[in-house]
């Protein structure tokens with residue numbers, strides 16, 4: 001039946017026989033899509049007297065919002081912290097390949113690097129919509145170099161920096177530009193970090209606390225100045241101590257400004273965080289948990305030596321170390337693997353596991369009105385999954401961009 005052409009000539013697609021994740025629950029209803037947006041069927045029926053042009057049987061699949069990865073350093077041999085002549089083709093490759101992991105939007109992440117790398121790489125990253133070419137780019141995540149020497153993790157010490165007389169101007173000079181930057185990870189105990197946090201927040205950039213030896217009051221002060229995120233909770237920060245729980249204490253702090261939520265990233269790969277620690281964090285503050293892969297260039301490649309910015313890393317199974325050490329350096333887990341491991345480790349609901357990789361990162365970045373949900377008028381970026389949470393198909397703007405059984409994908 002033709003739809004009401006006076007409203008729009010675009011075809012209306014109706015996805016039937018599915019369970020949709022909406023309002024924190026899997027609901028047995030149809031999903032309606034037109035012009036890349038989720039449609040309200042009631043408006044369609046009553047206001048437009050329209051109906052579907054195409055019906056697709058989802059064969060009882062789960063339909064969930066596309067995953068959003070706010071911390072990914074590369075993959076498939078591509079390292080976002082390496083300034084190369086073909087950087088653009090590298091980012092295109094990763095954005096295409098992660099569609100099969102259910103990722104529809106991401107923040108390419110740069111680890112601590114010399115200023116020359118930021119100056120070369122950042123102008124080559126542009127915010128863009130996703131599509132058949134790959135996942136959308138939400139902006140860069142700059143992890144360092146304004147971090148603690150004691151908690152540098154896999155970050156090269158000779159590239160670490162502090163805020164000098166210029167504070168925010170030092171940061172600008174280091175990065176060269178903040179045009180495409182979405183998140184900055186810094187250590188809040190550094191002198192003059194408060195003014196930097198305030199200035200970044202004023203510009204709409206999310207400030208994350210990480211690679212830090214901050215105590216709880218320093219972390220709380222950073223949140224009061226605008227910080228909203230914690231980079232890979234438990235990793236590269238002081239361990240929880242009952243007299244001063246450090247950054248981890250933000251999960252249950254009573255000093256968070258009213259109406260503000262602190263989010264925290266977790267690498268749920270079974271390597272970076274013990275399942276018991278994952279359960280503790282999730283039970284303490286479930287609405288703040290954001291699943292991140294922290295994936296490096298070696299994701300999707302065979303074990304062996306690969307890079308992470310200025311460092312050489314060694315992959316052994318799911319473990320990734322700085323070569324010759326036992327220092328963990330990013331992950332090779334995919335986002336769909338992290339979602340499944342999180343659900344298994346915590347025993348949480350399917351809905352909760354899916355929202356930790358979609359709704360929560362969207363809320364963190366303030367884009368939940370268009371991404372991370374299947375609410376009416378939001379972007380039709382969604383996944384079809386089976387009951388075991390394996391991705392069967394990925395859609396961006398209502399178009400199928402990857403399918404499990406498609407040949408050559």
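Cβ atoms here come from the backbone N, Cα and C positions, even for glycine.
The annotation active site, proton donor/acceptor is assigned in TrEMBL to 294. Marked as Zn(2+) binding site by TrEMBL: 143, 211, 232. Per TrEMBL, the feature substrate binding site maps to 154, 235, 236, 243, 272, 328, 329, 330. The domain 'Amidohydrolase-related' annotation in TrEMBL covers 62-401.
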(message) If you measure from the CA of residue 211 (Zn(2+) binding site) out to 10 Å, which recorded positions from the list 235, 236, 294 are inside that radius?
(response) 235, 236
(request) Calculate the distance in Å between the alpha carbons (Cα) of residue 243 (substrate binding site) and the residue listed as 'active site, proton donor/acceptor', and round it to a whole number. (result) 30
(message) With the cut-off set at 10 Å between Cβ atoms, which of these binding-site residues ends up with the most neighbours? Options: 235, 329.
(response) 329
(message) If I take every residue in the domain 'Amidohydrolase-related' (62-401) and average their pLDDT values, what number comes out?
(response) 96
(request) List only the single closest residue to residue 143 (Zn(2+) binding site), chosen from the recorded positions 272, 294, 328 by CA-CA distance. (result) 294
(message) Return only the integer: C-alpha distance in Å from residue 272 (substrate binding site) to residue 294 (active site, proton donor/acceptor).
(response) 10
(message) Over all pairs within 154, 235, 236, 243, 272, 328, 329, 330, the annotated substrate binders, what is the largest Cα to Cα distance, rounded to whole Å?
(response) 30
(request) Do me a favour and check the Cα-Cα span between residue 232 (Zn(2+) binding site) and residue 294 (active site, proton donor/acceptor); whole Å is fine. (result) 8
(request) Across all the protein chains here, work out how many other Cβ atoms are within 10 Å of the Cβ of residue 243 (substrate binding site). (result) 6
(request) Determine, to the nearest whole angstrom, how far the Cα atom of residue 328 (substrate binding site) is from the Cα atom of the residue listed as 'active site, proton donor/acceptor'. (result) 11
(request) Whole-number Å only: compute the distance from the Cα of residue 329 (substrate binding site) to the Cα of the residue listed as 'active site, proton donor/acceptor'. (result) 9
(request) To the nearest whole angstrom, state the Cα distance for the pair residue 330 (substrate binding site) and the residue listed as 'active site, proton donor/acceptor'. (result) 5
(message) Quick check: which same-chain residues outside 143, 211, 232 lie with their CB within 8 A of the centre of the Zn(2+) site CB atoms?
(response) 71, 111, 144, 147, 153, 155, 185, 208, 210, 231, 235, 236
(message) What does the structure give for the C-alpha distance between residue 235 (substrate binding site) and the residue listed as 'active site, proton donor/acceptor'? Integer Å is fine.
(response) 11
